Amino acid sequence: MRLKIAVLAGDGIGPEVTKQATNILRAVAEMGGHEFTFVEGLIGGTAITETGSPLPTATLDAALECDAVLLGAVGDNKFNALPPDKRPEAGLLQIRQALGGFANLRPSIAYTALSASSPLRPEVTKDVDILFVRELLGGLYFGAPRWWDRNSNEAINTMRYTRDEVVRVARVAFELAGNRRQKVTSVDKANVLEVSQLWRATVTEVAKDYPSVTLEHQLVDSMAMHIMNIPRNFDVVLTENLFGDILSDEAGVITGSLGMLPSATIGGAVNLYEPVHGSAPDIAGTGKANPLGAILTAAMILRHSANLEQDAKAVEAAVNKVLDAGYRTADIARGQQPGQTPVSTQEMGKLVHQALAESIDRRQAMHAV
Ligand SMILES: NC(=O)C1=CN([C@@H]2O[C@H](COP(=O)(O)OP(=O)(O)OC[C@H]3O[C@@H](n4cnc5c(N)ncnc54)[C@H](O)[C@@H]3O)[C@@H](O)[C@H]2O)C=CC1
Ligand SMILES: CC(C)CC(=O)C(=O)O
Ligand SMILES: [Mg+2]
């Protein structure tokens, strides 16, 4: 199997966690006899500093020639005074748009070993496995007009969706639900927003093509509460761009930390893979960043861009094994429980690598018998 991956490490903890994710991909390639090549590119604040642009043309050109893009995170407080279209985050929105992926898959899984890391009670988080399908190219982040008129002290952003944009992402959600627990919860604010009324009517129409999947609608405000109260009730959660951004971060509480959450964006010319978290400037350079979200993102590359399902599962199992053995980065080391060992970003990456190597050795030994 050959795979060319653009690695855009970005800012803050982006390079720290991305390094651990690429180490895992290299290990999978080596152990499975695959040829993975990595092409590095600048994005975000580091790209602004070096080139003046948050998404240099060279980065975009290289990304478009790859089979997958792995992005760390962007964002640097030193650019906070810049207007949104000049900030590091603009580079991320631009590359999302250019790659064309519209369905951002964000799994949120409650790991048994981490039940004490979540502030939620273990009986609430037990067996939770939610898949957010977040529309990624529409809504407030991309709608025009958008401006801030400093003279009149007025600003505007536009939430806009077309029926076709809703249909295509809804189809992804229903298809995925068909292979899971057959339920889609569509989130909107149809009691107030016309865009949400279009969203709800369109999703209801698409649902008719998937009679085995149950559709429910939830308003986003009460949904924010239900996710914390009864997360087990949800299977696939379908949202527009902003609502999905917020609710999927909230779901980090179920898992124990934002640092545990991976994502894959599909449907475009090249799939884009990013952990859900940002550049975390508060812990950048301290060795405290949890690399597991990025490593689980690498597993999603194996699944969605390389068709290596068995290897994706092996990476996920290796993460589980390391958590079961009690190893914890600071964000998931709630209250220093007995049997836990604190580890750095790099140590966590190495432990997953070791667990993966052991499981692949066992698999190969079984095949050899
Ligand atoms: N995809 C991206 O590149 C994203 C970029 N951002 C940018 O990141 C910057 C910081 O934004 P925040 O709101 O602070 O969000 P953030 O996700 O960077 O951090 C929120 C909190 O979670 C913690 N955290 C995040 N990832 C972690 C990890 N892997 N391990 C341990 N702890 C982790 C941070 O230390 C912080 O306390 C901003 O410039 C923002 O625009 C924010 C979200 C997504
Ligand atoms: C442009 C971003 C910083 C948006 C974001 O927070 C995300 O996609 O998770
Ligand atoms: Mg976000």
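The backbone N, Cα and C atoms fix where each Cβ goes, glycine too.
TrEMBL entries are annotated by machine, without manual review.
Binding of substrate is annotated in TrEMBL for Arg96, Arg106, Asp221; the matching candidate from Arg121, Arg134, Arg200, Arg232 at the same site is Arg134. Here substrate is bound by Arg96, Arg106, Arg134, Asp221 per the record. The longest Cα to Cα distance in that group is 27 Å. Looking only at Cα atoms, Tyr141 (site 'Important for catalysis') sits nearest to Arg96 among the binding-site residues Arg96, Ala280, Thr286. Filtering Arg96, Arg134, Asp245, Ala284 by Cβ distance to ligand 1 (under 6 A) retains none of these binding-site residues.
Between the binding-site residues Asp221, Asp245, Asp249, Asp282, Asp245 has the most other Cβ atoms inside 10 Å of its own Cβ, all protein chains included. Per-residue pLDDT, averaged across the domain 'Isopropylmalate dehydrogenase-like' (4-352), gives 97. Asn290 (NAD(+) binding site) and Asp245 (Mg(2+) binding site) are 20 Å apart (CA-CA, integer value).
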